[in-house]
Amino acid sequence: MAAGAGARPAPRWVKALGEPLSAAQLRRLEDHRYSAAGESLFEPPLQLFWTWLLQWIPLWIAPNTITLFGLAINLFTTLVLIFYCPTVTEEAPYWTYLLCALGLFIYQSLDAIDGKQARRTNSCSPLGELFDHGCDSLSTVFMAIGASIAVRLGTHPDWLFFCSFVGMFMFYCAHWQTYVSGVLRFGRVDVTEIQVALVIVFLLSTFGGAMMWDYTIPILEIKLKILPVLGVVGGLIFSCSNYFHVILHGGVGKNGSTIAGTSVLSPGLHIGLIIILAIMIYKKSATNVFEKHPCLYTLMFGCVFAKVAQKLVIAHMTKSELYLQDTVFIGPGLLFLDQYFNNFIDEYVVLWIAMVITSFDMMIYFSSLCLQISRHLHLSIFKTSYQQAPEQVHKHID
């Protein structure tokens with residue numbers, strides 16, 4: 001059956017999740033084509049490995065299954081590290097860092113071949129693109145936490161905060177410029193290079209111990225752990241200069257607007273609100289909630305970021321306006337109100353409540369979004385069928 005020929009009736013439990021997209025958005029989604037440009041430094045040699053790896057993947061395994069399996073491994077290995085280092089100041093057993101290096105490498109490899117599997121099985125679709133970016137948004141949060149733990153960055157709370165949120169900001173900006181230009185652009189130094197660098201950091205902590213990052217470099221008189229932080233700062237400047245060059249030079253819409261015909265600056269409100277709330281709550285906390293519970297704090301705001309990033313991706317795919325109002329901000333709002341009323345309830349308790357609210361809100365939204373799209377396009381999320389939608393990919397190398 002052709003995509004868009006009429007959605008299958010939704011089961012009652014699916015209807016309870018809600019349907020995030022309107023009929024008009026679903027119609028525009030049918031016309032969406034994935035468009036990417038650019039090639040990073042490490043991509044050509046790694047393509048050889050990814051192509052070799054693909055031949056071992058059976059045709060009956062769906063691309064989204066590959067993506068989800070990789071994400072699950074990455075999340076599990078990082079959660080093990082968080083268990084041993086909840087304040088990002090502890091030193092975990094050596095094998096946990098090795099596990100994280102392996103988990104991140106597996107995630108990177110599977111994330112790279114899911115699209116190849118989709119083209120191989122003729123199952124490319126907007127659903128696969130959304131699912132891939134949705135998983136990436138969550139993985140971005142966990143990678144930042146894992147890397148911070150590996151170098152014991154909790155001894156420098158301000159740098160820890162910066163490194164915890166800079167990855168979210170850069171991921172959002174990448175899709176912000178896509179929303180403006182209609183093309184996902186990869187720089188010479190991009191996510192692949194970042195992931196390789198993080199694998200190296202995990203391996204160094206495996207064989208040298210996390211305490212090695214406290215070594216003071218002679219002459220410079222700075223700790224070794226500051227070097228990767230400075231690398232992050234350099235990456236931020238380099239990447240964001242490229243992103244904002246695209247954003248500020250006008251979009252493909254009418255009068256230089258976004259692909260949806262809205263202001264090119266409008267998506268900045270969403271990531272700006274997340275970062276402003278995170279900074280305010282961090283700095284105004286009477287109980288030092290971020291310093292004492294940095295992993296939980298980052299995960300809570302990470303869930304907020306993941307949902308907002310997912311909304312930005314689907315706004316691009318459906319050529320729709322991105323609205324600021326969202327229930328996912330209830331979690332940070334509770335922390336903000338608790339501080340306003342002089343911590344009427346213990347901040348740690350409120351942080352856990354916020355974590356539960358934001359994580360469920362994000363997962364329900366993403367699940368309902370995928371289910372609605374799968375019904376409308378007559379696709380299976382975790383099954384491969386040669387009768388699925390035709391390939392919807394356009395890629396050109398600058």
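From the backbone N, Cα and C atoms, a Cβ is placed for every residue, glycine too.
Annotation comment: Swiss-Prot describes 2-62 (among others) as topological domain 'Cytoplasmic', evidence class a curator's inference.
Beyond its flanks by at least six residues, the transmembrane segment (63-83) meets 57, 92, 96-97, 99-100, 102-104, 106-111, 113-115, 117-118, 121, 123, 127-128, 131-132, 135, 138-139, 142-143, 145-146, 149-150, 295, 381-382, 384 of its own chain at Cβ-Cβ distances under 8 Å. Look at Swiss-Prot and you will find 63-83 (among others) tagged as transmembrane segment.
DSSP assigns N64 (CDP-choline binding site) to a helical segment in the three-state reduction. The CDP-choline binding site feature in Swiss-Prot is assigned to N64, R119.
As annotated by Swiss-Prot, topological domain 'Lumenal' applies to 84-93 (among others), with the evidence given as a curator's inference. Residues 145, 148-149, 152-155, 160, 209-211, 291-296 of the same chain sit 6 or more residues outside the topological domain 'Lumenal' (84-93) yet have a Cβ under 8 Å from a Cβ within it.
Annotated transmembrane segment per Swiss-Prot: 94-118 (among others), in sequence order, evidence recorded as similarity to another entry.
If you draw a 10 Å sphere around the CB of D111 (Mg(2+) 1 binding site), it holds 22 other CB atoms from the protein chains shown. Here Swiss-Prot flags D111, D114, D132 as Mg(2+) 1 binding site, drawing on similarity to another entry.
Applying DSSP to the topological domain 'Cytoplasmic' (119-125) sorts its residues as follows: 2 helix, 0 strand, 5 coil. Annotated topological domain 'Cytoplasmic' per Swiss-Prot: 119-125 (among others), in sequence order.
Long-range contacts of the transmembrane segment (126-150) within its own chain (CB-CB distance under 8 A, at least 6 residues past either end) are made by residues 29-30, 32, 34, 63-64, 67-68, 70-71, 74-75, 77-78, 81-82, 85, 88, 92, 97, 100, 104, 107, 111, 114-115, 118, 160, 163-168, 171, 175, 191, 194-195, 198, 201-202, 204-205, 210, 213, 228, 294-295, 298-299, 302-303, 305-306, 309-310, 313-314, 317, 366, 369-370, 373-374, 377, 379, 381, 392. Taken from Swiss-Prot, the feature transmembrane segment covers 126-150 (among others), and the record attributes it to similarity to another entry.
Summarising the annotation, Swiss-Prot assigns site 'Increases basicity of active site His' to E129 and lists similarity to another entry as the type of evidence. If you draw a 10 Å sphere around the CB of E129 (site 'Increases basicity of active site His'), it holds 22 other CB atoms from the protein chains shown. According to DSSP, E129 (site 'Increases basicity of active site His') is assigned to a helical segment.
Helix, strand and coil content of the topological domain 'Lumenal' (151-160), in residues and according to DSSP, is 7 helix, 0 strand, 3 coil. Annotation source Swiss-Prot lists topological domain 'Lumenal' at 151-160 (among others).
If you look up Swiss-Prot, you'll see 161-179 (among others) marked as transmembrane segment, on the strength of similarity to another entry.
For the topological domain 'Cytoplasmic' (180-190), same-chain residues at least 6 beyond its ends with a Cβ under 8 Å from one of its own Cβ atoms are 34-41, 43, 174, 235, 238-239, 242, 246-247, 250-252, 258-259, 264, 316, 398. Swiss-Prot lists 180-190 (among others) with the feature topological domain 'Cytoplasmic'.
Taken from Swiss-Prot, the feature transmembrane segment applies to 191-207 (among others), supported by similarity to another entry.
Under the heading topological domain 'Lumenal', Swiss-Prot lists 208-222 (among others), citing a curator's inference as support. According to DSSP, the topological domain 'Lumenal' (208-222) comprises 6 helix, 3 strand, 6 coil.
Note on the transmembrane segment (223-248): residues 147, 151-153, 155-156, 159, 162-163, 166, 169-170, 173-174, 176-177, 180-181, 185, 187, 189-190, 194, 197, 201, 212-217, 264-265 of its chain, located 6 or more positions outside it, place their CB under 8 angstroms from a CB of the stretch. Feature annotation from Swiss-Prot assigns transmembrane segment to 223-248 (among others).
Among the features that Swiss-Prot reports, topological domain 'Cytoplasmic' is placed at 249-265 (among others), with the record citing a curator's inference. In the predicted model, the topological domain 'Cytoplasmic' (249-265) has a mean pLDDT of 93.
No contact links the transmembrane segment (330-339) to the transmembrane segment (191-207), because fewer than 3 Cβ pairs that are 6 or more residues apart lie under 8 A. Against the transmembrane segment (266-281), stretch 161-179 has more CB pairs under 8 A than any other of 94-118, 161-179, 191-207, 294-316, 347-376. Relative to the transmembrane segment (191-207), the listed stretch 94-118 leads the set 94-118, 161-179, 294-316, 347-376 in CB pairs under 8 A. Packing against the topological domain 'Lumenal' (282-293) from elsewhere in the chain are residues 86-87, 154, 157, 161, 335, 339, 342-343, 346-348, 351: each is 6 or more residues past its ends and has a CB under 8 Å from a CB in it. Excluding D111, D114, D132, which define the Mg(2+) 1 site, the same chain contributes P63, I66, T67, G70, L110, A112, I113, G115, F131, C135, D136 within 8 Å (Cβ to the Cβ centroid), listed in sequence order.
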